[in-house]
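K.L.:
What TrEMBL records for GLU158 is active site, proton donor. Annotation source TrEMBL lists active site, nucleophile at GLU355. The annotation substrate binding site is assigned in TrEMBL to GLN12, HIS113, ASN157, TYR296, TRP401, GLU408, TRP409.
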Amino acid sequence: MFLWGTATAAYQIEGAVAEDGRGASIWDTFVHEPGRTRDGHTGDVACDHYHRWREDVALMSGLGVNAYRFSIAWTRVLPEGSGAVNPKGLDFYERLVDALLEAGVTPVPTLFHWDLPQALEDRGGWLERDVSGLFAEYAAVVAERLADRVPTWITLNEPFIHMAWGYGLGVHAPGRALLLDALPVAHHQLLGHGLAAQALRAAGAREVLITNNCTPVWPASGSEEDLAAAAAYDTLHNRLFNDPVLLGTYPDLTAYGIRPDGAAGDGPELSAALGIRDGDLAVISAPLDGLGVNYYNPTRIAAPADDGLPFTDAGVTGYPTTAFGWPVVPDGLRELLTGLRERYGQALPPVYVTENGCSQADELTPDGVDDQGRVAYLRDHVAALERAREQGVDVRGYFVWSLLDNFEWAEGYHQRFGLVHVDFATGERTPKASYGWYRDHIAAALRP
Ligand code: PNW
């Protein structure tokens with residue numbers, strides 16, 4: 001059955017950051033440093049989902065979704081990242097899973113949505129190879145408790161954004177601006193994915209996915225320079241994370257000053273630059289049951305400026321934008337999905353759109369929230385997904401980001417992505433017009 005769902009992430013909704021033995025993550029640290037998030041907003045309380053989860057499950061029942069993608073906070077389960085298990089953390093997710101199952105909603109947990117235990121960051125974070133193995137140990141602990149009831153698991157969320165924004169540019173936690181020196185974070189996350197997949201299967205998980213943030217890359221012109229820059233960006237954003245998993249190889253990173261292994265010339269070789277060892281790619285490329293794809297918008301790329309990167313973001317123009325300033329290009333979803341099919345062919349497993357949605361300056365009135373812009377956004381993206389299916393792409397699920405307005409990382413509470421409005425002063429939830437639209441759409445789609 002096609003999965004119609006919504007998605008959230010632990011740090012963005014749970015709050016209760018010091019309750020029941022939860023340890024600190026890099027996001028707890030980051031948000032309490034001055035100037036890191038807009039207006040200094042933090043996820044200390046967020047949607048208070050940790051206390052209001054029953055209400056949120058009821059909202060999903062009302063919506064009629066048959067799946068819910070949420071993430072598990074590593075620090076609730078292993079407060080120090082490794083070592084002692086905190087049973088209260090596992091209890092929380094077990095209660096949630098059981099309530100979802102009772103409501104007819106398939107739980108689809110993600111094990112890592114950017115909230116690395118601070119204790120592991122203190123040891124170097126994802127720059128350190130050891131963290132890959134510790135991630136798999138954490139996966140085993142969670143799966144031993146829940147895999148008897150949870151069929152489908154996602155290892156990582158958007159390892160590209162975590163590497164690029166967290167370690168490359170420093171605009172997300174852990175706030176490190178290492179530029180290309182962040183590349184080992186790609187390999188260590190992917191190795192962590194592969195080792196965690198083994199642990200999940202050993203514990204009885206039926207389906208294992210990874211979620212990558214993918215973007216169609218549009219060259220700003222047909223010039224040779226712009227085409228080369230677009231190819232370089234596509235390599236970094238898309239291929240660096242899809243190729244190893246689906247093909248068992250890394251893409252050519254020559255544009256980034258990295259030589260293929262064994263090739264003559266200047267600069268480090270690929271394996272040295274990323275920290276790849278013999279056998280790693282076999283672990284990373286073990287067959288998956290699905291590829292999770294998060295789609296928000298295409299990217300338009302031009303020849304490099306002078307900042308050491310082989311591309312510049314030229315900005316997509318001529319389309320409406322969301323409150324975040326992101327262009328609204330529904331057909332980009334079809335283009336992305338058919339492009340994956342063309343690039344990977346038989347190596348592409350079934351695809352799940354694990355996030356899609358938009359931020360809007362939604363206003364709560366006595367009549368509710370009339371977010372017609374979001375209704376149109378979702379309607380048009382679902383239509384694009386259907387076109388991709390007609391063109392032969394095996395798409396098996398669609399998850400709206402997000403069920404609730406929530407803590408939008410560096411933007412704090414300034415971007416609202418929810419189908420449900422949240423008053424962050426009181427925690428009160430109010431379904432928006434888009435909630436009604438999605439409910440009706442799902443009911444029609446699932447009608448026998
Ligand atoms: C995703 N981009 O992040 C995350 O998985 C969510 O946690 C987040 O709330 C949501 O999208 C909305 O931002 C992204 O620049 C961050 O392409 C950046 C990009 C895309 C997604």
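Backbone N, Cα and C atoms are what each Cβ position is placed from, and that goes for glycine too.
Caution: TrEMBL annotation is automatic and unverified by curators.
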K.L.:
Between GLU158, GLU355, GLU408, which of the recorded positions has the fewest other CB atoms within 10 angstroms in the structure shown?
P.N.:
GLU408
K.L.:
By a simple count, how many Cβ atoms lie within 10 Å of the Cβ of GLN12 (substrate binding site), its own Cβ left out?
P.N.:
27
K.L.:
According to DSSP, which of helix, strand or coil covers GLU355 (active site, nucleophile)?
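P.N.:
Its secondary structure by DSSP: strand.
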K.L.:
For GLN12 (substrate binding site), just give me the three-state DSSP call.
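P.N.:
Once the DSSP labels are grouped into three classes, GLN12 (substrate binding site) ends up as helix.
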K.L.:
Rounded to the nearest angstrom, how far is the Cα of GLU355 (active site, nucleophile) from the Cα of HIS113 (substrate binding site)?
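P.N.:
Their Cα atoms are separated by 13 Å.
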K.L.:
Looking at the recorded positions GLN12, GLU355, GLU408, whose Cα is closest in space to that of the residue listed as 'active site, proton donor'?
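P.N.:
So, of the listed recorded positions, the one sitting closest to the residue listed as 'active site, proton donor' is GLU355.
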K.L.:
Measuring CB to CB from TRP401 (substrate binding site), give everything in the same chain under 8 Å that is also at least six residues away in sequence.
P.N.:
THR6, ALA7, ASN294, GLU355, ASN356, GLY357, PHE417
K.L.:
Determine the Cβ neighbour count for ASN157 (substrate binding site): the number of other Cβ atoms within 10 Å of its Cβ.
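P.N.:
Looking across every protein chain shown, the total is 24.
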K.L.:
Residues with Cβ closer than 8 Å to the Cβ of TYR296 (substrate binding site), same chain and 6+ apart in sequence?
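P.N.:
The list for TYR296 (substrate binding site) reads ASN213, THR215, TRP326, GLU355, ASN356, GLY357, CYS358, given in order along the sequence.
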K.L.:
If you measure every Cα to Cα pair among GLN12, HIS113, ASN157, TYR296, TRP401, GLU408, TRP409, the residues listed for substrate, what is the largest value in Å?
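P.N.:
So the maximum pairwise Cα distance among the substrate binders is 18 Å.
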K.L.:
May I ask you to report the DSSP-based helix, strand or coil state of GLU408 (substrate binding site)?
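P.N.:
GLU408 (substrate binding site) sits in coil per DSSP, no helix or strand.
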K.L.:
Around the substrate site formed by GLN12, HIS113, ASN157, TYR296, TRP401, GLU408, TRP409, which additional residues qualify by having Cβ within 8 Å of the site's Cβ center?
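P.N.:
Along the chain, the qualifying residues are ALA9, GLU158, GLU355, SER402, ASN406, PHE417.
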